[in-house]
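Participant: So that we are looking at the same thing, I have put the structure below in structure tokens.
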Amino acid sequence: MGGAVSAGEDNDELIDNLKEAQYIRTELVEQAFRAIDRADYYLEEFKENAYKDLAWKHGNIHLSAPCIYSEVMEALDLQPGLSFLNLGSGTGYLSSMVGLILGPFGVNHGVELHSDVIEYAKQKLDFFIRTSDSFDKFDFCEPSFVTGNCLEISPDCSQYDRVYCGAGVQKEHEEYMKNLLKVGGILVMPLEEKLTKITRTGPSAWETKKILAVSFAPLIQPCHSESGKSRLVQLPPVAVRSLQDLARIAIRGTIKKIIHQETVSKNGNGLKNTPRFKRRRVRRRRMETIVFLDKEVFASRISNPSDDNSCEDLEEERREEEEKTPPETKPDPPVNFLRQKVLSLPLPDPLKYYLLYYREK
């Protein structure tokens, strides 16, 4: 599934293409996609395909096409502080992007059938937290993953504001999925080969919208034990954050506000006025035409009166542009102002590193 947009050279170019094709339509979703490099969730030997609009599967590891994830993120209408359940959470790529929008007071849970995939997802999550240049720009709702079949979730589990299922849902399981939602909640899932958005408008009232045609592998049916009983999946508890954790969130938030105020004071509106460099135009001095006549091929050139002096003209044009245009300089590497501020605080080093989530940069 995929191939709806052109491949990108890097993550940003892929996002540009998804925006141009109207798969990404809102700023929050765009920011989340740009913050997490899709290639980081690929095995090293397959990273050359990371920026293509194609699904990828290797063993139990699977990623949907970027255009599908874009539609899912837009349809979920995510907001800070909501609770999210990802059924078939896989590599954790989608859950991590969702966590950037939910913020520190959201709930971010995932259920994955394969334990090896959960280990893979935890490794990728740890890598993102430790090394990403984008992590400190957001307040992150870290996802929690449990192993199990999403069709065996305990009936006394909490309901969620947003639910996504990453496998094809059979019609017989539609009601089961809908019951995972709070009133006012949104469920997005592949149903009868259509990516479907279902909004719970009341205790027994629903609105359904078909988004686009998709092809997903169907949900794997539960395997019952010898006693005939299914193994109920217990979702992670919705725990209250510790006072220490709340203090870290508050301190980081205060520092971010100070940085923002300093930026506004320094740059007026907070936006840097970066110089624009004029690109040198390449002028074509001649045109070649090829004519097919029966089996013969004829080539001709339409000359320009300035052909004879083309080299001199181009050299003169180059010199003029060099005089007018200031030399281009490489952009400075991004500065993590939050990290700088924290490290400058009169605090013990262990506390500083706690405030920085023990990140490497």
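Even glycines carry a Cβ here, placed using N, Cα and C.
So Swiss-Prot has the following annotated:
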ACT_SITE  SER64  active site
COMPBIAS  309-320  compositional bias 'Acidic residues'
COMPBIAS  321-331  compositional bias 'Basic and acidic residues'
REGION    85-94  region 'AdoMet binding motif'
REGION    160-164  region 'AdoMet binding motif'
REGION    181-191  region 'AdoMet binding motif'
REGION    240-250  region 'BC-box'
Participant: Can you count the other CB atoms that lie within 10 A of the CB of SER64 (active site)?
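Facilitator: Within a 10 Å radius of the Cβ of SER64 (active site) lie 24 other Cβ atoms.
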Participant: Over the span of the region 'BC-box' (240-250), count residues by DSSP class, listing helix, strand and coil in order.
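Facilitator: DSSP classes over the region 'BC-box' (240-250) add up to 8 helix, 0 strand, 3 coil.
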Participant: What residues elsewhere in the chain lie close to the region 'AdoMet binding motif' (160-164), defined as a C-beta under 8 angstroms and at least 6 residues from its ends?
Facilitator: 72, 76-78, 82-87, 94, 98, 107, 109, 177, 180-182, 184-189
Participant: What counts of helix, strand and coil residues does DSSP assign across the region 'AdoMet binding motif' (160-164)?
Facilitator: 0 helix, 5 strand, 0 coil
Participant: Hey, which bits of the same chain come close to the region 'BC-box' (240-250), Cβ under 8 Å, at least six residues off its ends?
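Facilitator: Residues packing against the region 'BC-box' (240-250) from afar: 104-105, 139, 354-355.
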Participant: Against which stretches of its own chain does the region 'AdoMet binding motif' (85-94) lie, if we need a Cβ under 8 Å and a gap of at least six residues from its ends?
Facilitator: 36, 38, 41, 61-64, 69, 72-73, 108-113, 117-118, 120-122, 124-125, 143, 145, 150, 160, 162-167, 177, 180, 189, 219, 235
Participant: Sort the residue listed as 'active site' into helix, strand or coil using the DSSP assignment.
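Facilitator: The residue in question, the residue listed as 'active site', is coil (DSSP, three-state).
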Participant: List the helix, strand and coil residue totals of the region 'AdoMet binding motif' (181-191) as derived from DSSP.
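Facilitator: Residue counts for the region 'AdoMet binding motif' (181-191) by secondary structure: 0 helix, 11 strand, 0 coil.
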